[in-house]
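Below is one structure. I have some questions about it.
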Amino acid sequence: MAQSPYEAVAPYLSLGRVLLLSCAGWIVFKILQALYNISPLHPLSKVPGPKLTAATYWPEFYHDVILTGRFTHEIKKMHDEYGPIVRINPHETHCADMAFADEIYAIGGRKRDKPIHQINGSAVGTTNGFGTPDHDLHRSRRVPVARFFSRAMIARLEGDLHDLVQKLCDKLLAEGSKATEGEGKKKEPFDIAHAYSCFTSDAIFSYSFGEPLGLLSRDAWTPNFREATLAVLKPVFIFRFFPFLIATSRMGKHLVPYLPPDAALLIRTLQIDIPSRVYKTKHDLDAGISYDRPTVFGDLLQSELDESEKNPERLADEAVAVVGAGTETTSWALAVITFHLLSQPAIMDKLRAELLTVVDDPRHLPAWTVLEKLPYLGAVIQEGLRLSYGVSSRSARTPTEEDLVYRGEWNKKPMELVLPRGYAIGMSAAITHHDESIFPDSYSYIPERWLDEKNEFRKDVAHGMMAFSKGSRACLGKNLALCELHLALAALVLRVMPHMRLVDTTQEDIAYDHDMFVPMAKSGSRGVKVLVDTRINQDAPSTIRPQCTPFLSHDTILLQAGEPARALPEPSIGGSALCLCGTWNDDLDPRLGIITPVGLPLGIITTSSIFLFFSLLFAGIRSHVRWQDRVFGWDDGLMVAGTIAHVASVSVGIAGQLTGIGTRDVHLNQWRFEESMKIHTVWLLAYSLAMTLIKASICITLRRIAEAKRSLRIVVWILLAITLVSFIAAFVGTAVQCIPFEAHWRPYLVDQGDAWCAPTVIFIVLGYIATVCTIVTDAALVVVPGMLLWKTQMKMQAKLQVMGLMSFASLASLITVVRIPYVQKYGGLKDRHYWCAMIVFCSIIESSIGIIASSFPSVRRFVRRLRNNGTDPTENNYQPNTDDIITFGGGGGGSGGASSKQQGRGSKTTRSAFHNPTDVGISLTTVKGRTHGEKWERLNDGDSDKRDLLRKESVKGIRAQYTYTVEVEEDTDGSMDARSKPRRSLE
């Protein structure tokens with residue numbers, strides 16, 4: 001009977017083969033896809049740009065996910081090299097020419113979809129207007145929401161905004177009066193962006209839902225939406241590449257009781273309070289209850305939207321998008337404007353003079369329609385919006401019914417490109433707002449650029465503004481944002497800013513550095529720190545911290561705005577200046593000691609404790625199994641020592657979190673500063689020792705496994721040497737960087753001439769060297785076993801399982817890569833203790849993964865024994881003979897040799913115990929070989945298998961590269977005859 005096609009291929013369709021073929025097929029598909037993307041057959045093949053970005057999304061992934069939101073900088077470099085139109089990924093182009101903006105962001109009947117790749121990066125989903133891909137569906141959803149944010153509706157509800165503006169000013173001035181009343185006490189500066197976040201959050205809620213959140217009614221500026229929003233936005237680029245993870249963001253409402261106050265407030269508001277308000281409004285309307293004051297929910301429920309679009313869950317998503325877009329972008333614009341006004345008194349004086357022409361009483365401001373006619377106020381706001389960017393991530397559109405033709409100039413030569421329909425093209429505010437042809441000296445704050453000689457608004461400059469995007473999908477909350485900015489800025493300039501000054505703030509704290517959907521300053525920025533004191537007048541100097549100053553004392557050196565900077569002597573420290581990166585707060589109570597962990601320190605302590613528990617569990621099981629099997633070796637001893645050092649490292653790391661590591665400078669007094677740095681220095685030494693012992697253990701294990709592979713043995717020895725060199729560089733470098741040792745945490749000893757310290761850059765270089773060595777060894781310690789594993793005679797399913805375990809070990813390399821950006825923080829001025837915590841966090845996880853991954857085989861063996869009442873079914877349970885010689889076939893049966901049945905007169909072929917004629921006993925699955933000195937070494941111990949590694953010159957018995965067919969014949973008289981014949985193995 002003929003076999004069916006399925007029966008013919010069934011023997012080849014094992015799980016392992018299917019998975020292997022699937023992986024291989026996927027890799028081949030991706031390679032072919034990349035080749036197609038850069039081939040002339042691709043519709044975007046004529047668009048200039050790097051071949052790698054045209055072939056794959058990996059460059060975007062690297063710059064946005066690994067480096068965190070830095071792909072915009074890479075796009076800028078592409079434009080500098082290739083021209084105004086560049087290809088930034090396989091299916092998207094980017095434009096840097098504002099003259100082409102009206103084609104990209106078309107209006108009217110010219111359809112423009114939003115690419116799903118961009119929507120995924122905003123994490124808002126596709127059920128709201130902001131995240132709707134289709135042009136027509138977006139238009140139907142936008143109309144009723146846009147009507148609610150029209151100028152007419154704002155004029156109707158503007159009174160609530162006036163009340164909130166005055167409430168903001170009253171609260172800020174109350175901060176100043178506290179400083180006045182506190183005799184002999186200094187008022188602690190605060191981030192003005194937090195205050196503005198409270199205002200804009202209350203404003204958008206009051207306007208949209210009829211009542212504010214009440215953030216301005218609280219005693220402090222926290223909790224607020226700012227820090228929580230920035231935390232929520234961190235994974236947006238991961239969502240862009242792994243959109244299935246977006247669903248996890250909805251789990252936040254179940255974690256509210258366990259979150260920090262800021263995060264809990266945001267999640268509760270977005271995922272609990274807003275949906276509840278939607279359901280309540282719908283219930284009231286269904287019951288015939290009407291509201292005198294319009295709300296966004298009421299308008300949407302009573303609009304002409306299709307009934308399917310009025311689903312409460314979708315309307316809640318719509319409201320969440322409105323709130324998210326209407327808070328942090330506006331509050332950050334206010335913070336940027338505040339910084340520039342306080343650092344440039346001439347601009348503020350000019351603005352104040354203009355405001356006084358229309359404002360009689362700053363407590364009762366005129367309407368927005370009056371304020372928006374003031375040209376200089378408008379110029380100040382527009383320049384602030386230009387340098388705060390709005391949404392800084394690129395904003396792309398997909399023309400669906402027409403090809404776009406770009407005609408421009410590059411290198412003084414005309415160029416023309418046809419951009420096919422169906423492919424996205426976008427622009428970035430962070431790039432176009434620095435187009436020197438539109439905004440000369442674009443990084444400077446110059447409001448005058450927006451006005452012509454007649455003091456009228458320049459439309460040519462306004463055309464270059466992208467803060468609210470453009471076209472049919474432009475920001476629908478633009479009018480509300482401008483109203484808030486005009487009202488708030490007028491009141492602040494007249495009531496509060498005369499009593500406000502900058503503290504510990506530089507241009508670096510507000511300059512764009514990277515994206516997280518919204519613009520972010522350089523990591524470590526503490527925001528726009530201000531101090532409000534009613535004793536200060538408008539002529540008081542601002543206090544600004546320099547970017548990095550040579551260390552003279554622990555106090556931050558203050559530069560007076562408007563005065564020449566004092567010359568600062570640089571102490572000689574080994575031929576170069578030692579830059580102090582991190583200070584403590586003299587205003588903090590010096591008696592404060594241990595810190596109650598919250599936020600980052602709490603997260604690190606919790607995660608480290610969990611990883612420590614599993615490290616001890618796995619290492620303990622490994623040691624137990626290896627000792628019980630009498631195969632405990634040098635590698636196991638080193639792993640035990642490494643685990644002990646790891647326990648010390650984690651304990652010291654946790655102690656550092658309790659004394660100041662992971663805490664910003666403003667919360668550190670002198671004791672916390674010194675104690676935490678002392679503990680951190682000790683932690684560096686403990687971590688270096690632990691990681692070296694763990695990797696040395698893994699190297700020795702690999703060396704044992706790779707006994708017969710000379711080339712691999714050499715590689716393992718090289719890896720061991722790199723590990724030791726890395727340890728010496730890190731350990732010795734840390735130990736002798738400062739002499740005496742206490743100068744590590746008491747840098748003022750250097751200024752007093754009582755200590756010597758090497759330049760900080762040397763320590764950073766040593767950190768990079770150690771990190772590179774770690775990445776190399778981590779990767780190699782996964783690759784080498786993989787090479788051995790691939791040639792091992794085992795089922796493909798088992799190989800894939802082991803490969804899965806090894807891929808877990810490779811996470812250590814990924815963690816090390818994540819740690820790289822934080823090494824540079826040792827050379828930063830701000831919040832060094834805070835950023836050191838990330839190094840501690842990554843390092844503890846790295847060493848924990850090393851312990852856990854290397855113990856997996858023994859743990860697996862242990863679990864098998866538990867399931868089988870203390871025995872491992874994969875072992876051969878043999879019984880030694882009277883001469884303690886292990887025999888073939890004794891109790892195990894099993895596999896490992898082959899027998900053939902031969903029929904002969906007076907004899908029969910049977911499987912029976914065969915006494916090994918050599919002096920070395922061998923079982924079919926577990927081999928023991930006797931080494932010199934009558935010591936026994938187990939060759940198949942669960943972690944490794946050296947049955948094929950016995951060398952001819954050292955032992956007798958089964959030899960490398962040979963297998964044996966053993967035939968046992970039993971004569972009729974019961975005598976035994978055994979013959980063996982060697983044959984070449986597949987190796």
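Placement of Cβ uses the backbone N, Cα and C atoms for every residue, glycine included.
Grabbed the feature section from TrEMBL, which reads as follows:
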TRANSMEM  12-36  transmembrane segment
BINDING   Cys475  heme binding site
TRANSMEM  598-618  transmembrane segment
DOMAIN    622-865  domain 'Rhodopsin'
TRANSMEM  638-661  transmembrane segment
TRANSMEM  681-702  transmembrane segment
TRANSMEM  714-741  transmembrane segment
TRANSMEM  761-790  transmembrane segment
TRANSMEM  802-822  transmembrane segment
TRANSMEM  834-856  transmembrane segment
REGION    868-923  region 'Disordered'
COMPBIAS  868-884  compositional bias 'Polar residues'
COMPBIAS  888-897  compositional bias 'Gly residues'
COMPBIAS  898-907  compositional bias 'Low complexity'
REGION    968-987  region 'Disordered'
COMPBIAS  976-987  compositional bias 'Basic and acidic residues'
Does the transmembrane segment (638-661) come near the transmembrane segment (834-856), with 3+ Cβ pairs under 8 Å (pairs 6 or more apart)?
yes
Excluding the flanking five residues on each side, which residues at least 6 beyond the ends of the transmembrane segment (598-618) place their CB within less than 8 Å of a CB in that stretch?
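The answer is 260, 643, 646-647, 650, 653-654, 657-658, 661-663, 834, 837, 840-841, 844-845, 847-848, 851-852, 855-856, 859.
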With every protein chain in view, what's the tally of Cβ atoms within 10 Å of the Cβ of Cys475 (heme binding site), excluding that atom itself?
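Excluding its own Cβ, the number within 10 Å is 19.
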Could you please provide the mean pLDDT value for the domain 'Rhodopsin' (622-865)?
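For the domain 'Rhodopsin' (622-865), the model's average pLDDT rounds to 72.
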